[in-house]
Amino acid sequence: MALNLRKNHPLLKIINNSLVDLPTPSNISAWWNFGSLLGLCLITQIITGLLLAMHYTADTSLAFTSVAHTCRNVQFGWLIRNLHANGASFFFICIYLHIGRGIYYGSYLNKETWNIGVILLLTLMATAFVGYVLPWGQMSFWGATVITNLFSAIPYIGQTLVEWLWGGFSVDNPTLTRFFAFHFLLPFVIAGLTLVHLTFLHETGSNNPLGIPSDCDKIPFHPYYSIKDLLGFALMLIPFIALALFSPNLLGDPENFTPANPLATPPHIKPEWYFLFAYAILRSIPNKLGGVLALAASVLILFLMPLLHVSKQRSMTFRPLSQILFWILVADLLILTWVGSQPVEHPFIIIGQLASFTYFAIILILFPIVSALENKMLKL
């Protein structure tokens, strides 16, 4: 009998064990689609980014015009840029939904997979931040100035660190060139980390909506979930293409149509929508170092999720109190996102402070208390 190449070839068998014969729980829902959607986003971003890099010039005097040139004179340059800019938004939508799924269904108990995932989120945030600086518009320049300046809050070494990061005494040409280098490099780091993420995931297998072991009821990934992933791809690509073609600048800042000017500060400096929740937490603390620590904690708190799990059940499927708390957390993040886009004045300051407090309180205090209460109510 001839050997099956798919199962025996050194390279093909790796792909086979990851995408074809992978034993998968039979009951995973559409919430398990976001992993593959993130893979699709990453591939799209790397391809469009590579095409943009071919026409981009990382120099303060040429960056803005090189981007304008790409949009005006390069064949489909406008489309490539719009796909790349809006692809970032869809990347973050998918990763936030993916993390939300992980919290709801207790997927964070696969500790290695979860920790690599949080590192992936941090790398993605770094990539998006340095990428936003590259067009060298007003918001690019001032966003870079404000965010890099946060490092100066670190005691003793802060100022030196910031000047080392800038490559001078302000955000200037050296900053732009190194940010371009980072923006080119980091997506490949993300791709490498993704493989590690999947390697750890395939050690334990996927979790499922019931949060119970599913070894007794596994089905092959292909054709069942490969076709389901294709449906997910179509459902994401439709709004993505629609956004990129009909209103490509909807999520951008109009300030970025003005070339960077170190002598004129925009009236409201704010990051892209996907960073607004963290920006609101940063602004809600009147002390610089405190704000920076809260900003870091807002994302790093995810590392604590496995340690804060006290429930005897893995998933929230049969835990109505935890579910209510989870959806309050989601609403709270939406409020923080909205507050982050508003100016720093009376109602927004206090709303931001309350929402920031609620965010940390739910994750650090209320989730464990409510989980313990549910254990008691169910006599577990």
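Heads up, the Cβ atoms here are built off N, Cα and C, so glycines get one too.
Residues annotated as heme b b562 binding site in Swiss-Prot: His84, His183. Annotation comment: Swiss-Prot describes His98, His197 as heme b b566 binding site. The ubiquinone binding site annotation in Swiss-Prot covers His202. The annotation transmembrane segment is assigned in Swiss-Prot to 34-54, 78-99, 114-134, 179-199, 227-247, 289-309, 321-341, 348-368 on the grounds of similarity to another entry.
Swiss-Prot feature annotations superimposed on the structure.
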residue: His84; record: heme b b562 binding site; DSSP (3 states): helix
residue: His98; record: heme b b566 binding site; DSSP (3 states): helix
residue: His183; record: heme b b562 binding site; DSSP (3 states): helix
residue: His197; record: heme b b566 binding site; DSSP (3 states): helix
residue: His202; record: ubiquinone binding site; DSSP (3 states): helix
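Geometry remark: His84 (heme b b562 binding site) versus His98 (heme b b566 binding site), CA distance 21 Å.
Take the transmembrane segment (78-99) and the stretches 114-134, 227-247, 321-341: counting Cβ pairs under 8 Å, 227-247 has the most. By the Cβ criterion (under 8 Å, sequence separation of 6 or more), the transmembrane segment (227-247) is not in contact with the transmembrane segment (348-368), since fewer than 3 such pairs are found. Proximity of distant same-chain residues to the transmembrane segment (348-368), defined by a Cβ-Cβ separation under 8 Å and at least 6 residues beyond the stretch ends, is recorded for 280-281, 283-285, 294, 297-298, 301, 304-305, 308, 310, 322, 325, 328-329, 332-333, 335-336, 339-340, 342.
His98 (heme b b566 binding site) counts 20 other C-beta atoms within 10 Å of its own C-beta, drawing on all protein chains shown. Each residue contributes its Cα atom, and for His183 (heme b b562 binding site) and His98 (heme b b566 binding site) these two points are 23 Å apart. Of all the binding-site residues listed (His84, His183, His197, His202), His202 has the fewest other CB atoms within 10 A of its CB. Beyond the transmembrane segment (179-199), the same-chain residues lying 6 or more positions past its ends with a Cβ under 8 Å from any Cβ of the stretch are 18, 38-39, 42, 45-46, 49, 53, 56, 58, 113, 116-117, 119-120, 123-124, 126-127, 130-131, 133-134, 144. Recorded residues His202 (ubiquinone binding site) and His98 (heme b b566 binding site) have their alpha carbons 17 Å apart, per Cα-Cα distance.
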